[in-house]
């Protein structure tokens, strides 16, 4: 009896899938005890199922993979996309696309990682820089604006830089490493901000179909913990990022309600229905650069104009394009001898 009980105990410590090897991790999504070999198989096949079920790609398409080199997400995405494309014969032309924000030390190291991925996976690499696109590096912007509001510049410029890089590569879609944790955070942020327009589209697995380059998220239902055991690497210039509050809140929910909370938040975001009477922003194009915008000028052009005119805080906050420009300039001039925070 004891031997039988001991045998049962031994078997219970085996991988719940193959029952041959000892488990190396507990899956946060299912709480299964699973060995490393089985985990790799299950992980990759789950991504393949998401790609197939959502018709993310078509044979012959050119796909850019957003590669930061600073987070595990993009590196794993490059590997998985390359492997699945070969294994399942997707017939895709894959490219790595990276943005050099001009952050000394931080970005230098991560670009080296991307260059290693280029060699390792045999994928062509395109790097676009803030300096070339906007005439400014993030180091230069931080010297002018300080640490408090720099995330606004980096986020806006980076998004547009990826689209511009994708256009240079003439790709059909841009695949990003946004995972389930990222999307759950975005749902909460949009609820907290009351941003109905973004809330209505933030859970979509393909976005920007009405813009220059559609974006897709193969990792939409994949937990960050499963992509890497490494902690989330925040940007070096984002000490007070608002997203950090949403991230900590989700981590607290995980502890209280188990990891299923992440997928539950995404499901809640998917189930939101916007009243037909709600007035939504109309998408147009920026009169200055031609990029998609709901205002006369896109956010990047407003921020860039402020930098070039020595008024770096001109575009920060809730502005309505160039319509509020004269009022903002007047406010800034009135505060020339005091704080520029408003």
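Glycine residues also receive a Cβ, built from the backbone N, Cα and C atoms like all the rest.
As recorded in TrEMBL, the features of this protein are as follows:
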type	residues	note
DOMAIN	63-226	domain 'tRNA(Ile)-lysidine/2-thiocytidine synthase N-terminal'
BINDING	66, 67, 68, 73, 99, 177, 182	ATP binding site
DOMAIN	284-314	domain 'Cytoplasmic tRNA 2-thiolation protein 1 C-terminal'
- Query: Can you name the residues of this chain that are 6 or more positions from residue 99 (ATP binding site) yet have a C-beta less than 8 Å from its C-beta?
  - Reply: 68, 127, 128, 129, 130, 158, 161, 162, 165
- Task: For each of the binding-site residues (66, 177), count the other CB atoms lying within 10 A of its CB, then report the residue with the highest count.
- Result: 177
- Task: Enter the number of other CB atoms within 10 angstroms of the CB of residue 182 (ATP binding site).
- Result: 22
- Message: Among all protein chains shown, how many Cβ atoms are found within 10 Å of the Cβ of residue 67 (ATP binding site), not counting that one?
- Response: 32
- Query: Among 66, 67, 68, 73, 99, 177, 182, which the record lists as binding ATP, how far apart in Å are the two most distant Cα atoms?
  - Reply: 19
